[in-house]
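Taken straight from Swiss-Prot:
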BINDING   Asp487, Asp493  Mg(2+) binding site
DOMAIN    554-613  domain 'KH'
DOMAIN    623-691  domain 'S1 motif'
Amino acid sequence: MNPVRKTFQYGNSTVTLETGRIARQATGAVLVTMDDTVVLVTAVAEKEAVPGRDFFPLSVHYQEKTYAAGRIPGGYFKREGRPSEKETLTSRLIDRPIRPLFPDGFMNEVQIICTVMSANKDVDPDIASIIGAAAALEISGVPFQGPLAAARVGYTDEDGYLLNPGFKAIENSKLDMVVAGTEDAVLMVESEAKELTEDQMLGAVLFAHQEMQVAVQAIKEFAQEAGKPKWDWQAPEVNAELLEALKAKFAGSIGEAYGIRVKADRYAKLGELRQQAEEELAGEEEGKFEAELVKKYFSKLEKACVRQNIIKGEPRIDGRDTKTVRDLKIEVGVLPNTHGSALFTRGETQALVTATLGTMRDVLMVDALEGEKKDSFMFHYNFPPYSVGEASRVGGVGRREIGHGRLARRGVQALMPNLEEFPYAVRCVSEITESNGSSSMASVCGSSLALMDAGIPVKAPVAGIAMGLVKEGDSFAVLTDILGDEDHLGDMDFKVAGTEKGVTALQMDIKINGITDEIMEIALEQALHARLHILGEMNKVISEPRDSVADNAPKMETIKIDPDKIRDVIGKGGATIRSICEDTGASIDIDDNGTVRIYAESKLAADEAIYRITEITAEAEVGKLYRGKVERIVEFGAFVNILPGKDGLVHISQIAQERVENVTDYLKEGQEVVVKVLDIDARGRIKLSMKEVTEDEKASMAG
């Protein structure tokens, strides 16, 4: 073994890349260490592509092992199960900047596995994983146009931009952004922010790109020392004869088809033309071409036609110019029994979004490497096949749905009230009922509307918009509110969510090199105008949260009790609190600091539960009257229960005005009496009196 190591300083972190010691049979393997977080990243690539394959089979698997944090997994089998949401999102985060750096026509299967083997609880392993994946590919010899690196950026008013902040620093930051890029260009941005300006967001991207050059250079030097010989791979030759034949016969017809505004009709016409091209140009005789090749080149021609029209300044596929948002239709309160609902339609993209309130028992428990966390805000995104007019498998949640749900959640997260202001668990669900471009941003708009419809005190309305780019040479066009086809045929997917004040989420994926600062600035500016337009239309329907939550939402009351009394409220084995919940129908949550939250279907039920709790936790007060029950009679008096678990002594001399010879002549066990507290001694013993209670006081207690 001849291990090769490269160590470099990356902000406040020390990063070490190592290869040649572990996983030596992989095409490329790098062990990345970043402040005691250790990630093993392997890249394995097929030497030959499967004949006839027409897609690039890249798969990225990020996995966290519980032993990395010194823990044994839960569950019956005590081993890691299916990928968590964090693992799925990080897999996508690694995939997105890597995918565009493989050359066109490379169809060999590539699999990247990132395994977190040691975890520093303040360091997110995602940056180390992206750096490791880039380094593993760079030394593997696989055709790859790297190296690339990644950086996390935070922002505070006091310190400005922060490079690779840890979890603790992010808690106090107004920004959590991950940027990946090469020496020359930014390829991917993923972020959430607390209403930062467009200039601040762009500044963060440029700051990250500048700072990551240290890592890019380190990977380059590492590959020079440890890299394998580059593969002798040649891109497939362009079949100029087929391309010219397709242009001559179908370019005009394709252009006309893309003038059809309705997506289904447009797809039907393009399908007819594709079929016609196969019939005319595919076959085994001389001068004909393979059917799959005809389909492939027909798609290339489609892309070229649409892109040229946009660059020339001609109307887009649906007739809009580059800055116009599609027609909007906005409704709230569309579902009668949900706590909040909205139907947001933008052109042929539609999201039906609901907001549901729950108790603190409904919060999501997240078992992460850095420790267990409670998540009181959940956002789930569903993309059924009917939304694009298809009939296909309906099954579990896919990576795409998890990713889109997290992006939409980021858009509204910063505007959600904290638990002190609004102690409810909240779940938003976005059902995509139609899709033709940027359903995730429709989900942001719909969720903002649904949350306000539910009476949840969000700080401001939020809207989202997707931008696109077509770039040919030095000419480019930035597109507002892209269609699905424009996303597929374009060079950039740029999604921005925010309020009137600033940006709350920014996601960017770039498929080409050469995206300039100017292009990003124009995209952010156009997105701002589009966002303000959408917010204006949303505000016409609902501009602030409703005054109260829905009638069928849980009613919540909060009281404080002495923390020492918590055990009394819970009771032996939970018997007392269970009895209160069963009798009143309420749900009760108690924090360690004595905060008690009561959730009930009606205020009457909540008040009854509060009364029961205050009875249990109440302390006797000197001079106060109580209605009590005689529990036990002794020679010198009687013990009377005045509060749950609280008995006091009525001395024989305090039973009546006259002299009492026998207590049993005046009192019986189980008898209800009105008493006054005379004194409470240092040991908590309560002295009671019956004779000090006046007739008027007795009457008031009876009423």
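Each Cβ is built from the backbone N, Cα and C atoms, and glycine gets one as well.
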**Q.** Neighbour count (Cβ, 10 Å) for Asp493 (Mg(2+) binding site)
**A.** 20
Q. What are the DSSP helix, strand and coil residue counts for the domain 'S1 motif' (623-691)?
A. 6 helix, 36 strand, 27 coil
Q. Using DSSP, how many residues in the domain 'KH' (554-613) fall into helix, strand and coil?
A. 32 helix, 16 strand, 12 coil
**Q.** Secondary structure of Asp493 (Mg(2+) binding site) (DSSP, helix/strand/coil)
**A.** strand
